[in-house]
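*Asks:* Below you'll find the structure I mean.
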Amino acid sequence: MESMPFGQWLANLVNILVENTDQGWRISNAVSMIPPIIVMLGIFCVPESPRWTYQHKGRETALSVLKRLRRTDNVREELDAIGAQITEEETGNKGLRGLWEPSIRRRVIIAMTIQLGQQATGINPIMTYGSMIFKDITGAGVYASLLLSGVSCLSSGPGLIWLDKYGRRYMALIGAVGMVIGHQFAAILFSAVCDGNVDNAGCPTVGGWFICIGTAFFVFSYSVSWGSLPWIYCSEIFPLNVRASAVSMSTAANWVGGAVMTEVVKLFPYMNINGVFFLFAGLAKHFLPVVPEDIFTTHCHVTKLWFHMAPSVNVHSFHDADTPTTGSTRYAIIVCAFASLGGFFFGYDQGVTSGVLIMDSFLNDYCVGWHNFTYDDCTRSSSDLPGKWTTFTVWYNMVYNLGCLVGALIGGYIADRFGRRATIFSAGVLFCIGTTWVCLNPAQDHTLMYLARIVQGFGVGNSSFSLPLFGSEMAPKELRGRLSGLMVLPVTFGQWLANLINILVMDDSNGWRISNAVAMIPPVIVMCGIFCVPESPRWTYQQKGREEAEAVLKRLRQTDDVHHELEAIGDQISQEETGNKGMAGLWEPTVRRRVFIAMALQLGQQATGINPIMTYGSLIFKDITGAGIYASLLLSGVNCLSTTPGLMWLDKYGRRYMAMIGAVGMVIGHLFAAILFTAICDGNVDDSGCPKVGGWFICFGTAFFVFSYAVSWGALPWIYCSEIFPLNVRASAVSVATAANWIGGAAMTEVVKLFPYMNINGVFFMFAGLALLCGLFIYFYCPETKGILLEDIETLFSRSNNTATTPSYVAVKTPVAATDKSPVAMA
């Protein structure tokens, strides 16, 4: 997942490179196939999840996987923890049925809410429509998008570090605050400088760039918290028997939110850009209460955290979770890093779209001549584009998000039935088929293009669910946050690279086709190598027995001492045997709430506005910067550079902390952009008095939003949703949550329709509000999961263990073994 912001940045860069080519948009899209091809070629060369392996292939296979992954034979404790968890979960339902168990249901809700919250911050609209937004106020929308994606890329790494260092809750809260500030700054500045109107001739370009800077602050706040936090958190909180299902469902929630956020562009005519920023700021501030803490807790222990909600918890583990994971972590890191290449085409496709939508080659193929549109008609400001063309651009992204929704949902079944590696492989195959179709699609054939985008979505949705799930089950508890959210890094790098390639091929007659074709390289690599890596030891234990799972764990941990982890997995699987599995388990009381949380997180990620910004970034910023594709490159670069620290911070500081910090940063970024846009251009990109420099400042504000998103909400929904569910419903729950994300993403594709009504500043204000909602949700509903075994996260949702005097802060304790008196985590 850590590659996501890099993918966004790269996509914007590619858009810039090919924007003047006749086939630039095709080239830019084609580039996205490179990473999935790489992933497809290599994914089976890395180990399967030791937890999945333990569940489906037995202890021995899981032991070998763990040994290979950890690079040590001393993986027995970890293998035992996995085995204990799987044994414990055997009594419960598995898959989607297990998501309805009381202890799982709540986690599913939380995971879905976090994923929805990630979308609600406005990150996707900003990164998707960034070039479109900032082209009007900076005169260089594609460069503004490059800036924002660059901020996202650079911020994601620190975000991952901080999530582990300071905790999920802390970073989520800080990120939410940052997002609100970013959104509000952009919205207010846009209102002050441009009166919220990108068409206002009095809106100075310099003001537009100040608005962009405010947005960059939002991006930064998002990247260091909410960018990774939903993915990390959702991958930690579920028991093994439902983990794949739960993470799949929460991921689906993210894409539901992403689909919704694609509609943000429709608000521009009604709210202007400043209004949309205010909207995102409002959404961001409402997600402050979402994420509980889980860093430094083993996977097997994270489950026990969830029997009752707790922003701050005090966990005593039956499995002695204070014991460090045995063996070497190097092999597990290599395996997770290789698998995370699948996130490249996720981010690259998003980044490439931002520049393709304003690329001459794409406009000539699909706009000019359609309904007698002229070139001038197709290159108007975002709030004055022909209605049918705006509808096409919305549905171009909408059907993609709907495809992602379906892909996330079917991924849960594949992950439970055939294993985590098979899901990653199938994602690469589907994406390459869809991308090839897109690149070869005849000009003016809009219907076939919709179908091609749907197939692309199948692959991306599948990968967005499976990669954080795979990482969470393969990673040692100390590194689970950064490894389960590692896909965010190639995603952000892909976004940045797409923008860079767009720039390189924008003058080519096939620029858009070339740019798209590049995306197939990484998935091909992953497909070729994925079966060379171990399977999940938890899935192996559940499906193939303890012996195979032990072998997988030994291979994964590179040691024979995996007894502790294996026992924890076995205990959890045994406990889950009494519950429902798969989709049916999602309705159990302990799971249902988690499904809601996971879906809310995924929707929240979309609500931040990140997808509209990254997808329509070039379209947005071309009006205010005059170089939308460069603005998209900027935003994707920020996203890419911010992802790595974001992943580290998610493990260091915790999911909750980074999510809240990221929410604050996103609000600040959105507000900065919205306010600057209002001040400089009166929110009107068509105002001839709106200076381009102002548009670039607006872009910088958006870049701050991207940074805030990348270090927090960029990875957090994926991580969190893959953590909070028990194994028997994990795949189903994560699948549903992921579907929620894509539903949100589909909704966010409509944001572009708001431009004529809200102006760009109005849209930024909207995203600021949504980002604030994300932070509030984290604060109130999501306990910390960092550092807790997946099998012990159940404790967080155990109502019977409620020792709190208030519903918001509780001390959760699990049965303490005679030799275990140590706390797992203090959040």
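Heads up, the Cβ atoms here are built off N, Cα and C, so glycines get one too.
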*Asks:* Please identify the range among 32-53, 142-163, 582-603, 626-647 that TrEMBL labels transmembrane segment.
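*Replies:* Among 32-53, 142-163, 582-603, 626-647, the range TrEMBL annotates as transmembrane segment is 142-163.
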*Asks:* Of the ranges 10-31, 274-295, 450-471, which one does TrEMBL flag as transmembrane segment?
*Replies:* 450-471
*Asks:* Determine which recorded stretch among 170-193, 208-233, 394-415, 760-782 has the most C-beta pairs below 8 angstroms with the transmembrane segment (657-680).
*Replies:* 170-193
*Asks:* Take the transmembrane segment (394-415) and find every residue of the same chain, 6 or more past its ends, with a Cβ under 8 Å from one of its Cβ atoms.
*Replies:* 52, 95-96, 128, 244-245, 248-249, 251-252, 255-256, 258-259, 262-263, 265-266, 349, 353, 357, 422-423, 426-427, 430, 434, 449-451, 453-466, 469, 539, 582-583, 615-616, 731-736, 738-739, 741-743, 745-746, 748-750, 752-753
*Asks:* Have the transmembrane segment (450-471) and the transmembrane segment (695-720) got at least three CB pairs under 8 Å, pairs 6 or more apart in sequence?
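*Replies:* Yes, the transmembrane segment (450-471) contacts the transmembrane segment (695-720).
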*Asks:* Are there 3 or more C-beta pairs under 8 Å linking the transmembrane segment (695-720) with the transmembrane segment (170-193), counting only pairs at least 6 apart in sequence?
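*Replies:* Contact between the transmembrane segment (170-193) and the transmembrane segment (695-720): present.
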*Asks:* So are the transmembrane segment (208-233) and the transmembrane segment (483-505) touching or not, going by 3+ C-beta pairs under 8 A with a sequence gap of 6 or more?
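*Replies:* Between the transmembrane segment (208-233) and the transmembrane segment (483-505), contact is present.
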